[in-house]
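Chemist: Just dropping this structure here.
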């Protein structure tokens with residue numbers, strides 16, 4: 001693979017819209033500039049929180065023994081998640097790729113602010129999105145899904161990789177074809193034999209986590225098989241196997257393996273499928289089947305899976321579960337964006353007592369839309385033009401520092417909504433006015449409701465000191481989000497938002513704190 005120290009990501013790829021955000025990364029769509037086919041890719045930027053060691057040139061392409069990977073010594077050890085994903089992707093390139101059911105890595109670029117992974121673009125959508133959109137859904141479709149996930153797991157497990165965060169949103173179809181392969185992706189929390197940083201274990205989704213992970217036991221490939229068992233249970237019922245009133249009860253149910261097939265729709269599911277789920281959701285990891293063993297199971301092969309359409313109630317529940325899951329996942333990912341917790345305080349220290357009036361905030365929004373050529377994102381020069389247009393000369397000298405504060409992924413652009421939230425957070429608002437202000441800042445299309453992405457941005461503004469002390473416990477963020485998730489339609493009206501605040505005073509204190517001066 002060719003290597004040129006002067007080569008930058010933007011030299012070879014046209015970078016376009018954001019496909020998704022995580023607490024420590026952002027994924028954008030890209031197009032390779034060279035070649036006749038103009039290959040489309042997904043570019044995942046892993047943000048470096050610490051400083052680079054001296055000698056790592058900004059914007060330069062680094063090299064390593066395999067595919068130009070940056071060597072681990074060039075990556076701050078404290079940035080455990082970044083380092084971990086680089087290590088795992090290196091192992092995948094060496095021992096797994098290419099594989100029809102595991103995401104492919106094409107290229108790697110490192111600069112002083114992070115690492116950019118150029119990945120295979122999976123444009124076919126998430127696993128559950130496709131299932132709920134189908135005209136017909138039968139056990140055979142569910143078996144085909146399990147078969148592909150098991151094939152991907154078999155390959156990564158042979159390479160001594162444990163995914164550790166297997167869930168529906170980490171399984172995407174390559175394209176929109178009916179027979180498109182299903183790809184396992186997002187190996188940021190995965191572990192390999194020679195490296196597992198303890199901080200990685202703080203993350204993950206409790207609904208899919210194994211009993212041994214909750215009880216601080218040894219994490220192995222069999223932990224992924226438990227997660228696959230949870231996915232299969234949901235595929236055949238429309239709801240998760242462990243449902244409880246609170247997070248601690250759910251943890252105990254998982255540790256004890258306390259689930260059932262009593263609900264009436266399970267009567268229509270084959271005994272072979274239920275036996276398979278029971279084997280996957282066995283508390284003792286050694287008694288769970290391996291991915292290789294799963295591939296030879298008669299139900300997974302399709303021999304014993306029913307081809308008759310499932311009970312419509314199951315599909316309806318899947319639709320509801322999917323909408324709820326996506327809204328929660330977006331919020332959780334954004335809450336973990338660690339640097340944004342402190343932005344309100346940092347912004348106040350920059351601009352002193354300069355509090356924007358409501359009409360100035362509205363003017364800021366309008367000028368952003370008018371001047372910025374890239375939708376909601378602005379370059380530094382565009383941000384300066386916005387301040388000039390608003391006749392704010394006192395803030396212009398601070399523009400580079402404010403810009404740097406909000407350039408979350410060091411890509412040279414800032415998100416208009418984050419700037420708006422930052423300035424509005426300097427206002428001293430109370431009661432409904434504060435709730436309305438917080439809500440309106442993210443209702444960017446003035447639709448009267450906020451989408452999952454907008455809810456995520458709102459939670460993202462929570463100051464660190466206002467979060468519960470047990471925030472790192474598995475599933476705690478799920479519990480917080482459940483307080484606001486009134487229904488499962490994928491959107492939240494102001495009345496729903498307000499009702500959630502009135503039901504729980506601690507939640508109101510958390511959210512309103514970002515709108516009050518320190």
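Just so it is clear, glycine is given a Cβ too, placed from its N, Cα and C backbone atoms.
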Chemist: With Swiss-Prot as the source, which of 309-322, 323-336, 337-350, 351-364 is set down as region 'Calmodulin-binding'?
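Modeler: When 309-322, 323-336, 337-350, 351-364 are checked in Swiss-Prot, region 'Calmodulin-binding' belongs to 323-336.
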Chemist: Have a look at 65, 265, 282, 444 and find the one that Swiss-Prot tags as phosphothreonine.
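Modeler: 265, according to Swiss-Prot.
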Chemist: Report the mean pLDDT of the predicted model across the domain 'EF-hand 1' (394-429), rounded to a whole number.
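Modeler: Residues in the domain 'EF-hand 1' (394-429) carry a mean pLDDT of 63 in this prediction.
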Chemist: Counting Cβ atoms within 10 Å across all protein chains shown, which of the recorded positions 265, 447 comes out on top?
Modeler: 265
Chemist: Measuring Cα to Cα, how many Å separate residue 265 (phosphothreonine) from residue 447 (Ca(2+) 2 binding site)?
Modeler: 38
Chemist: Can you check what DSSP calls residue 449 (Ca(2+) 2 binding site), collapsed to helix, strand or coil?
Modeler: strand
